[in-house]
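Engineer: The feature active site is assigned by Swiss-Prot to ASP50, GLU122. Look at Swiss-Prot and you will find GLU46, ASN119, GLU122 tagged as Mg(2+) binding site. The annotation domain 'RNase III' is assigned in Swiss-Prot to 4-133. What Swiss-Prot records for 158-225 is domain 'DRBM'.
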Amino acid sequence: MESFEKLETLLGYSFKNKELLIEALSHPSLRQYHEYKYDKDYERLEFLGDAVLNLLITEILFKNFENYKEGNLAKIRSYLVCKETICIVGTKLALKDYIIMTHGEEVAGGRDNPNNIENATEALIAAIYLDSNIEITHNIIEKLWAEFMKVQNLTDYDPKTALQEWAQANSHHLPIYRLIKREGAAHSSIFTVLVKVKDYEQTCTGYSIKEAEKKAARSLLHRLK
């Protein structure tokens, strides 16, 4: 496990209560490890962090996308708070190096498990919120999610719907998605998906079928336009 100093530097925030940070990075497998001196894991913080993230992302969108209607804002929010986006944020923070887990969980591929990274990211958001206030948490989320706010059109936020609309507008059958390959351990698999519209095909990979489908749809749309 790494020292927390680098993580706090990336966050731009230093915890006053380090036990909150430790709790946010403690995997549930530790419940079975009686020698671990902290009796809490990140699940409760994850629950709170999910709500805090949704609230603050909604507020950021409401203020920054003044000309967007509710339906479009909902699509963008769905993209910003989905598992894949949260995992990217957690990966850039290198959370896999900081999550505290049992040896058994680590051997089973726990450090590269997207679910663990997503859960720890949400728990970390809750820990920041409890250790500081809503304004500081807002600023940190705005910074961590900044690159995802730069997308210029809804195609990038909801590529599957956009591809379906393109197919209908051009009198083609609806897109067909097919799982081509699954590699890796059970809880850290990499999925390869193919999407086909008429004679056009695109293959992409992701940590979930849903992520791979979105990537494939987005890539195919960029080729078609």
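The first residue you see is number 1, and the count goes up from there.
Positions of Cβ are set from backbone N, Cα and C atoms, glycine also.
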Engineer: Helix, strand or coil at ASN119 (Mg(2+) binding site), per DSSP?
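Structural biologist: ASN119 (Mg(2+) binding site) sits in a helix per DSSP.
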Engineer: Under a three-state reduction of DSSP output, how is GLU46 (Mg(2+) binding site) classified: helix, strand, or coil?
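Structural biologist: It is helical.
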Engineer: Between GLU46 (Mg(2+) binding site) and GLU122 (active site), find the distance joining the two CA atoms and give it rounded to the nearest Å.
Structural biologist: 5
Engineer: So what sits near GLU122 (active site) in its own chain, CB-to-CB under 8 Å and at least six residues off in sequence?
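Structural biologist: Looking at Cβ-Cβ distances below 8 Å from GLU122 (active site), excluding near sequence neighbours, one finds LEU45, GLU46, GLY49, ASP50, LEU53, ILE86.
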Engineer: Need one number: mean pLDDT over the domain 'DRBM' (158-225).
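Structural biologist: Here the mean pLDDT over the domain 'DRBM' (158-225) amounts to 91.
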Engineer: Tally every other Cβ atom lying within 10 Å of the Cβ atom of ASN119 (Mg(2+) binding site).
Structural biologist: 27
Engineer: Beyond the listed site residues GLU46, ASN119, GLU122, identify every same-chain residue whose Cβ lies within 8 Å of the center of their Cβ atoms for the Mg(2+) site.
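Structural biologist: What remains near the Cβ centre is TYR42, GLU43, LEU45, PHE47, GLY49, ASP50, GLU118, ALA120, THR121, ALA123, ALA126.
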